[in-house]
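Inspection log for the structure reproduced underneath, given as structure tokens.
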């Protein structure tokens, strides 16, 4: 008798474990978030977050999130959860970001802090474990940060991961695995992956150049050399510019007044430029010398690069020039499949309706602008007609006054006679 696979795995104790959700925040309970999220008091002028679904959305309630509300401000807000270590298990960090303000410069990333963080004093120099998410500033910076704190030093990824820079909601996912590999996804599609050791400078290089090795003095690494049998032709050297043979001294040229006449110069058609001997293959060429490498005595492998003793706080510690960014659908779990499913059930469900609403607003705005432009032209034409009528009335009035003055003058002349 064949047993179903799930039942068989269960009997063998091999059934997949349920996902562990360490932190999840969707802001579905109105102002309840204010009890879970703590504002830092490190600076008195930190920007304020408000709960909003923005100017356009797929679902007004489901799409509500934390929105930055003040321009040119630093922001510092965090939420605490039960501490856990990712040692021996996968870590997945996921959230959505929406830059509906068409952001010009500002962060859209999160930071994961250890349990020792004082949330009321969180600031830009507070030590964190991981920083992940988009950062935009002008046309030159549109990247996804993936920064790990390793032995007290913040280490940046060696690759450039481009972030989304439009006005719609996007899903960002970071996966860190116990085999020291990682994956970055945007909108549930992989955009980067690889090895932690290869893509970050956590460790000294495995190999270094042998300090005792040097290129031999007789090593010839010239692939081409001058042909020793080649010589410059006798008629090669010609001046680059010559007097114009067709130029003539003007007839009215006065040498006492104008000085000695000199014809203008022109490009010499026989000028050949600098002579260089032709190149031939170097018979002594040995190739490019490669510096020999040796094992780096400073290198020591670390199988626990990925692991942290504890995570306990998720924070939004960032700067924005133009406010309006909305953060939502935060998730920290140990299950990649669950995170993907959660993303599809949140961002995935509302993204199409969000775009439809934005497209409708854009179309309405376009029609409104066209109508305003049309009204402006009509008013301009009406003003022009009014000015023309006014000018005609003034001309008629002037003609009438002139006629009256002429009649008065004629009457006065008649009386004098």
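Cβ atoms here come from the backbone N, Cα and C positions, even for glycine.
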In Swiss-Prot, which of these is labelled N-linked glycosylation site: 179, 344?
179
In Swiss-Prot, the residues 26, 62, 64 are said to bind Ca(2+). Which of 295, 302, 317, 328 is said to bind at that same site?
328
Pairwise over 109, 111, 128, 135, 317, annotated as binding alpha-D-glucoside, what's the top Cα to Cα distance to the nearest Å?
17
Other CB atoms within 10 A, centred on residue 109 (alpha-D-glucoside binding site):
23
What parts of the chain pack near the compositional bias 'Basic and acidic residues' (207-251), using Cβ distances under 8 Å and only residues at least 6 beyond its ends?
261-268, 270-272, 275-282, 284-289, 291-296
Tell me the coarse DSSP state (helix, strand, coil) of residue 135 (alpha-D-glucoside binding site).
strand
Just counting, how many other CB atoms are there within 10 A of the CB of residue 128 (alpha-D-glucoside binding site)?
21
